[in-house]
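Asks: Reproduced below are the annotations present in Swiss-Prot:
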type     : residues                                                                       : note
DOMAIN   : 155-467                                                                        : domain 'Protein kinase'
BINDING  : Leu161, Gly162, Thr163, Ala164, Ser165, Leu166, Ala167, Gln168, Val169, Lys183 : ATP binding site
ACT_SITE : Asp315                                                                         : active site, proton acceptor
Amino acid sequence: MARKALKLASWTSMALAASGIYFYSNKYLDPNDFGAVRVGRAVATTAVISYDYLTSLKSVPYGSEEYLQLRSKSWPVFLQVHLRSARRLCELCCANRGTFIKVGQHLGALDYLLPEEYTSTLKVLHSQAPQSSMQEIRQVIREDLGKEIHDLFQSFDDTPLGTASLAQVHKAVLHDGRTVAVKVQHPKVRAQSSKDILLMEVLVLAVKQLFPEFEFMWLVDEAKKNLPLELDFLNEGRNAEKVSQMLRHFDFLKVPRIHWDLSTERVLLMEFVDGGQVNDRDYMERNKIDVNEISRHLGKMYSEMIFVNGFVHCDPHPGNVLVRKHPGTGKAEIVLLDHGLYQMLTEEFRLNYCHLWQSLIWTDMKRVKEYSQRLGAGDLYPLFACMLTARSWDSVNRGISQAPVTATEDLEIRNNAANYLPQISHLLNHVPRQMLLILKTNDLLRGIEAALGTRASASSFLNMSRCCIRALAEHKKKNTCSFFRRTQISFSEAFNLWQINLHELILRVKGLKLADRVLALICWLFPAPL
């Protein structure tokens, strides 16, 4: 017996000694790397949040009419639960990092789709992503490029220009004197990503058992589809070159060039381009950059991507969109960064989406219903129209291009996001998957416009309408062999674009009493182009 005890003690001592040596020698070891720690933290946070929601209305039978009525109002107790839960979720994302931060950022971008308590709390994740050490950065570069940093670069800044959920960017100078930006993937994120997504899927399914009306599987599906693409930096480089070629006619757009000879799946080398963030009004004022011009350029660029090309940069948060004065011409320029996340729209989706926006802009409510339902909205088409435009249903009915959004309307929309959360989550589960990233992109762009004070101008809607007209005309011409029919389509396109120009001219002089009468006459003589 004593011999067995001695043997057990010896083996235990050896195991502890080996563990001690491993822990001491492995400089990159972090408790967060252990699956049990990450899983335990996620399960515990989900359980606490679920318990908080379940007990907030413990005196009211769950699922009863009274429960639904209380929940549908902005009841102070529920607002407090939203806030507590959002903070817990934010802490979980910061602790587990990587994929969790990426998903948290996605949720934080959905300003008009989720309760404000969640979006305002989770927005900090865009600026609080944890940083990899220089030892880890050197390790990734050594493994992927087969050389040390000093062999590749004349100089390399240890302090990153920016840190995101999946990677961080450093400024460096090549031996030939060219200044470059070096994007390096966090070393552990790729290995953890598939396990993290599986964990999220299990937790979302568990929460659905407790709260059947809340359907968030769309979020897991999106992460499962997009994360592998975002983790492949060669794919990001290809996207950058594609969008640069696609939008080459916009002289205000700058996409940094890729250095393919020093790029891998985890390291991306690109031309270094300096500038201020697109929501930084002070930077624009100091550099004499016209805020309204930048807002118009941004709207033109994204309308072209969505309606004409169907290839959309889906992460336009301010850190990924810079502005600057072109060093040669002195003209204002938009610098588009981070090309890891793009959405390729099918032709059917793109054309239906064009028709829907034309209907919304020109207040054709019959077609709003028709094309919303074609895009999967069903009987919830009024809510879907409000989600797309971030306007109230009254404003949609009156015409979203007739008046800009007011502070009162904006507050009403944000409050309704909490009130209609089950219906919103139902819609997000039933619309085409392509729509999810488009909605996220729309909300990020609105956030930029709100920061610049240029949101929802009539001019921006007219620019969208121009792109829709061009896209629909191009589709019709592509599907006919008749020269006469193609000529007819081209004439109709030119006439509809002329209407848009005339409408825009009238809006510029709308302060005159005569303008309203002229506008009414024009709208009566020339129906909305669809």
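Here the Cβ of each residue, glycine as well, is placed from N, Cα and C on the backbone.
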Asks: Can you give the largest Cα to Cα distance in Å, as a whole number, for the residues Leu161, Gly162, Thr163, Ala164, Ser165, Leu166, Ala167, Gln168, Val169, Lys183 that bind ATP in the record?
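Replies: The widest Cα-Cα gap among those binding residues is 14 Å.
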Asks: Counting other Cβ atoms within 10 Å of each Cβ, which of the binding-site residues Thr163, Ser165 scores lowest?
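Replies: Per-residue Cβ counts within 10 Å for the binding-site residues Thr163, Ser165 bottom out at Thr163.
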Asks: Which one of these binding-site residues has the most other Cβ atoms within 10 Å of its own Cβ: Leu161, Ala167, Val169?
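Replies: Of the binding-site residues Leu161, Ala167, Val169, the highest Cβ count within 10 Å belongs to Ala167.
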Asks: If one measures from the C-alpha of Ala167 (ATP binding site) to the C-alpha of Asp315 (active site, proton acceptor), what distance in angstrom results, rounded to a whole number?
Replies: 15
Asks: Given the model, what does the mean pLDDT over the domain 'Protein kinase' (155-467) come out as?
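Replies: Averaged over the domain 'Protein kinase' (155-467), per-residue pLDDT gives 90.
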Asks: Around the residue listed as 'active site, proton acceptor', how many other CB atoms lie within 10 A of its CB?
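Replies: Excluding its own Cβ, the residue listed as 'active site, proton acceptor' sees 23 Cβ atoms within 10 Å.
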Asks: Kindly assign the residue listed as 'active site, proton acceptor' to one of the three DSSP-derived states: helix, strand or coil.
Replies: coil
Asks: Using Cα coordinates, what distance in whole Å links Leu161 (ATP binding site) and Asp315 (active site, proton acceptor)?
Replies: 18
Asks: Report, in whole Å, the straight Cα-to-Cα distance of Asp315 (active site, proton acceptor) from Thr163 (ATP binding site).
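Replies: So the Cα of Asp315 (active site, proton acceptor) lies 15 Å away from that of Thr163 (ATP binding site).
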Asks: Whole-number Å only: compute the distance from the Cα of Ser165 (ATP binding site) to the Cα of Asp315 (active site, proton acceptor).
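Replies: Between the Cα atoms of Ser165 (ATP binding site) and Asp315 (active site, proton acceptor), the distance comes to 13 Å.
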Asks: Provide, as an integer number of angstrom, the distance between the C-alpha atoms of Val169 (ATP binding site) and Asp315 (active site, proton acceptor).
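Replies: On Cα coordinates alone, these residues lie 16 Å apart.
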